[in-house]
Amino acid sequence: MQINKKEIKQNLKKWNEEKKSIKSFSFTGDIILDNVSYTYSKKTPFEFRALDNADLTISDKKITCVIGTTGSGKSTMIQLTNGLLISETGQTIVGDYKIPAGLKKIKEVKDLRREVGLVFQFPEYQLFQDTIEKDIAFGPIHLGADKEEVYKKIPELLDLVSLPREYAKRSPFELSGGQKRRTAIAGIIAMDGKTLVLDEPTGGLDPKGEEDFMNLFLRLNKNQGKRIIMVTHNMDQVLKVADEVIVMHEGKVISKGSPFEIFSNQELLSKIQIEPPKLYKLMYKLKEKGTDLLNKNIRTIDEFAKAFKEVRKGK
């Protein structure tokens, strides 16, 4: 039998292209990290294993907060979700995208990053265009969106992040720090993905700015069904917005639950050296004095006051 070298080359090329594809067509909506590991500066004196056979499922259409001390693997984990990093072991599944360990190149990387928008800490430092509208439009246009359609949406995006519409033609470098951050986040929202991933989104903001951003993320989740994944050291923010909390420690996921379950677990918080929200500090002290409110699923000071009165009446 004669060997057709041309046909073999074509088949090999096709096989290699298919190997790089991450489309699995098994959409569940969840983000799954299955036994993933990642090491920085391998085979150097600075080698650091950031993720160590970590397993994790992040539900669709929820606000999930990721907590843990510096170096616990939080930022590395979120970079796996949109292909900025690729794990050394296991696999990362994002809806109907499956990213196996060791993959050299992601064929559908633009599609993946359109679906999962990643906002780094201090995103305002990434602004570079000469007007706000150009900065907002850059990401979605770069990923293949229609330019005209993107620009049509800019007034609504400015409304969404509480910036005046007339700011569209301004230079982003004329804005305050908080306004620059709103512009950067508007650019990620403009890609219209299902998931918004945020790394310390309120770092460096004043209390009013923090509250504004938390309310924005709540609106995106409740009104548009966006999945929000937020890395933060601010436990008061976690208590306010989270549906689920993921606890990371030394490259592993060691706990997952509602904010009430996590913050009621004093032993867990002590182990990972995380300070609880102010309300829970108060409830810990009350428990020591005989008044236990830790099972009341309290988020706000008003809910605390109501529960405290009810418990005191019962006594």
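Placement of Cβ uses the backbone N, Cα and C atoms for every residue, glycine included.
According to Swiss-Prot, the ATP binding site annotation covers Gly68, Thr69, Thr70, Gly71, Ser72, Gly73, Lys74, Ser75. Cβ environment of Thr70 (ATP binding site): no same-chain residue six or more positions apart lies under 8 Å away.
What Swiss-Prot lists as domain 'ABC transporter' is 31-275.
Listed in sequence order, His249, Ile272, Gln273, Ile274 are the same-chain residues six or more apart from Thr69 (ATP binding site) with CB atoms under 8 A from its CB.
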